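Everything on this sheet refers to the single structure shown next.
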Amino acid sequence: MKRSDFPANFIWGTATSAYQIEGAVSEDGRGPSIWDTFSHTPGKTKGGDHGDVACDHYHRYPEDIALMKELGVNAYRFSVAWPRILPEGRGRVNPRGLDFYNRLVDALLEQGITPWATLYHWDLPQSLEDQGGWPSRETAYAFAEYADLVTRHLGDRVKHWITLNEPWCSAYLGYHAGIHAPGQQNFKHSIWASHHLLLAHGLAVPVIRRNVTGARVGITLNLSPGYPASPDPADVAAARRFDGFQNRWYLDPLYGLGYPADMLALYGEAPSVQGDDLITIAAPTDFLGINYYSRAVVRNSDLEPYRFQYVRVGEEHTDMDWEVYPEGLYDLLIRLGREYRPKAIYITENGAAYPDAVADDGGIHDLERVRYFQRHLALCLEALQHGAPLKGYFAWSLLDNFEWAEGYAKRFGLVYVDFPSQRRRIKASGYWFRDFLREAVVRP
Ligand SMILES: OC[C@H]1NNC[C@@H](O)[C@@H]1O
């Protein structure tokens, strides 16, 4: 499998997010986000890690763009930090926050790298959380105002917009499991949050189209194909419930099907739908972003409310203890193409954490990660050849960074970051990606 097997106009990028790499959390007028609060709450993150400095990308972005250039990517997916733009979430605008993204976008374009901007990658302004957060409908309206402001300022140069990153994580991990910010454990709030996140997306789509000539708008979901642990009908039904919990709860409303009836019955908890919400949420988009890491294998369980239990399978696992299962990406791409028929699909994240270390020769020989990318890209190609509308791939991540509750111990980067010194070193996987991308470049 080589680059030239893919369409010549296939997008090849790397991805990051603001809170995971920027640092400078109190600089140039940025306000606090729920992740500032959560990561500074004792016991919430491994080793008390937080994003105060992270990869210091706020100051080092020229060096990081030079790394993207060296890798040979033609696109870069980053997120805009809402609390940098609107420190209180609404109202007062912070011009220095806007200026950072102006400089970032200009520097990317100067290097011939197409900017892909995610408007929300989990760093909700704390003041909005204080007023109810995503369980409150007001937050969806605040998001639409934020999207309007940002796209009016960057839309002349940024044409690719992802409204939300992984609303499932924001709603479930943040409001029910409680392992992500804001750390609530309230099922009803997580259902309301999921609805207001989708509503926020739907409200923002027409705003982005109005502000950005030639906009390409989509959303990014973290989707996992679910497989039953056995052919037992109880396990098969559990896999269907997992699929509803993880995938269909978001895909169905986004593609005009409303919330899945089986899940509404299972939950016994209706989202706070009002008026034309479901029409708003199903606003036509130009692409579906997929973040794929692994599959889920589940069996039946009486554990309420989801009534499935994960089963650990497979011989090979990453440092996150996620099974390496590239076949799941193929299955997912084929299913989505057939069942939801998105105009286009982009893999907006795919990658793996491994316990990387600098070897005596100064290199980082992350050959497991090289294999991970090779195997997943091979199945991307197969899915594409079998009709999946796959148009691009973003490796997660450009840099080792703040892996949320896992802190800095989980390294996903193509580039190794020595955090005390902030020195960047391209890993073997980065050099592999570079050579893969160079293969099809027509030499003058
Ligand atoms: O866990 C790896 C990645 N998954 N998707 C969202 C990103 O912010 C994570 O770092």
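Keep in mind that glycine also has a Cβ here, set from the backbone N, Cα and C atoms.
Binding of substrate is annotated in TrEMBL for GLN20, HIS121, TYR293, TRP396, GLU403, TRP404; the matching candidate from ASN94, ASN165, ASN247 at the same site is ASN165. Between GLU349 (active site, nucleophile) and GLN20 (substrate binding site), the C-alpha separation comes to 14 Å. Around the Cβ of TYR293 (substrate binding site), 24 further Cβ atoms fall within 10 Å across all displayed protein chains.
Within the same chain, residues at least six positions away from ASN165 (substrate binding site) with a Cβ under 8 Å of its Cβ are SER17, SER79, THR118, TYR120, HIS121, TRP122, THR220, ASN291, THR348. Other residues of the same chain near the substrate site, with their Cβ within 8 Å of the Cβ centroid of GLN20, HIS121, ASN165, TYR293, TRP396, GLU403, TRP404, are SER17, GLU166, ASN291, GLU349, SER397, ASN401, PHE412.
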